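Structure first, then comments.
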Amino acid sequence: MNRESFAAGERLVSPAYVRQGCEARRSHEHLIRLLLEKGKCPENGWDESTLELFLHELAIMDSNNFLGNCGVGEREGRVASALVARRHYRFIHGIGRSGDISAVQPKAAGSSLLNKITNSLVLDIIKLAGVHTVANCFVVPMATGMSLTLCFLTLRHKRPKAKYIIWPRIDQKSCFKSMITAGFEPVVIENVLEGDELRTDLKAVEAKVQELGPDYILCIHSTTSCFAPRVPDRLEELAVICANYGIPHIVNNAYGVQSSKCMHLIQQGARVGRIDAFVQSLDKNFMVPVGGAIIAGFNDSFIQEISKMYPGRASASPSLDVLITLLSLGSNGYKKLLKERKEMFSYLSNQIKKLSEAYNERLLHTPHNPISLAMTLKTLDEHHDQAVTQLGSMLFTRQVSGARVVPLGSVQTVSGYTFRGFMSHTNNYPCAYLNAASAIGMKMQDVDLFIKRLDKCLKAVRKEQSKESDDNYDKTEDVDIEEMALKPDNVLLDTYQDASS
């Protein structure tokens, strides 16, 4: 309602009441105006009525919601199901145009405005999280792996001779496949063991650069967030190598926005050397549905090149989800979540340390990993080669998600490349172990319940081991792997292993 509508309403209802309603609406509109003027995440989160007013105002700017619209094209925002239309707040046209995902659509001004605002808010949050000199970013409706592929394909045009991507090993399939999908040959650099931690082998990286020749290397593909005992790559040193040899540097920052340490590494890498782009997941960092990522960088023109490489229009759903989330939280709400995550990391670390010591195990010392923790499973692995995966199966069937058990000697082939010791980020880690992570949104009750269930599962596995040892010693009963496989906790063993990898 505009001023004329309110004036007309005063003929029907007491002008004092109408003016009061008008002032209430102005308070909503004031928040919206500030957002559009500043392009930054508001300090305090919006209430749902302000959010829905804002989204409705944007939606009616799209041609599919015009009262007198007559569409005669092949893409006119027609939706068969009213439920689908409501699910998307009637934003049907998506974002971008055929030549650029960041371009404005003439018949979808509201969706285009939504896209621009979302990118502006996300840029503000990346700066708030620690990368203060980031120049530009955009939300892309693909998860991290495909977003990395888009970065590599953009670099292809700049480096026509390039065939290789140098990649310090991290045992995660999507980032590896992102290089294969882009048509490049990954050059795997094995990590080096320093104490309990697996760290970047800088000498091996530089030696490989010299061996292959800088012109034949598309980029160095490094990683921040990862499962312990691997820790974030030495980004500053890698960035210096890239600057010295004139090689691009792409960083997989999948769930690193929630970690001040990961963001500081990116900021420092860009300060002392070269980082061309860093990619992060929306769902892992902002608690929204899977399906989106943020591509960010320190060179505005290069980030624009990546956005123009995206073929066709794109779904607006990831942008809408993160926009609603950030406006609901506000910057203070997001900072509070980051603070709580750090506190939960310390709490989880202490609880796992206590539990591990009770079973003659230990918490691996990985101070350079700010998100993931690892607990040894030596005593399980010594008794039975299936005991480690048995523990993982038991946790999985007891609805503990996210925990990973990593046995020794696992071999897996990914896109024709065989990895020994798969999931442990190295060929021969000294022991089997269990991973748990303190990610954004975790609560104390999640930690307590996890520790309680892990304790029960460890007791059950130990009891099973003790029974087998007694039976084997007395030679009164044969117990083999096939017999164990019939037990309820082993039914989903293969499912667990697939989920973990």
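Glycine too: its Cβ is placed from the backbone N, Cα and C atoms.
TrEMBL entries are annotated by machine, without manual review.
As annotated by TrEMBL, pyridoxal 5'-phosphate binding site applies to R75. The 10 Å shell around the Cβ of R75 (pyridoxal 5'-phosphate binding site) contains 12 further Cβ atoms across the protein chains shown.
The substrate binding site annotation in TrEMBL covers R97, S98, Q105, R313. Sequence-distant contacts of Q105 (substrate binding site), defined by Cβ-Cβ distance under 8 angstroms and a gap of at least six in the same chain, are H93, I95, G96, R97, S111, S112, R313.
Annotated tRNA binding site per TrEMBL: R271, R398, K463, in sequence order. The Cβ of R271 (tRNA binding site) lies under 8 Å from the Cβ of T133, each of these being in the same chain and 6 or more residues away along the sequence.
Long-range Cβ proximity for K284 (N6-(pyridoxal phosphate)lysine), meaning a same-chain Cβ under 8 A and a gap of 6 or more residues, is found for A254, Y255, Q258, A439, I440. Residues or ranges marked as N6-(pyridoxal phosphate)lysine in TrEMBL: K284.
R398 (tRNA binding site) sits 47 Å from S98 (substrate binding site), taking the CA atoms of both as reference points.
Between S98 (substrate binding site) and K463 (tRNA binding site), the C-alpha separation comes to 62 Å.
Taking the mean position of the Cβ atoms of R97, S98, Q105, R313 as the substrate site, the remaining residues of that chain whose Cβ falls within 8 Å of it are G94, I95, G96, G99, D100, A103, G312.
K463 (tRNA binding site) is 63 Å away from R75 (pyridoxal 5'-phosphate binding site) when you measure Cα to Cα. A 10 Å cutoff on Cβ-Cβ distances gives S98 (substrate binding site) a total of 10 other Cβ atoms nearby, all chains included.
Largest CA to CA distance in the tRNA binding set (R271, R398, K463): 54 Å, whole number. Look at the binding-site residues R97, R313, R398, K463 and count other Cβ atoms within 10 Å of each Cβ; K463 has the fewest.
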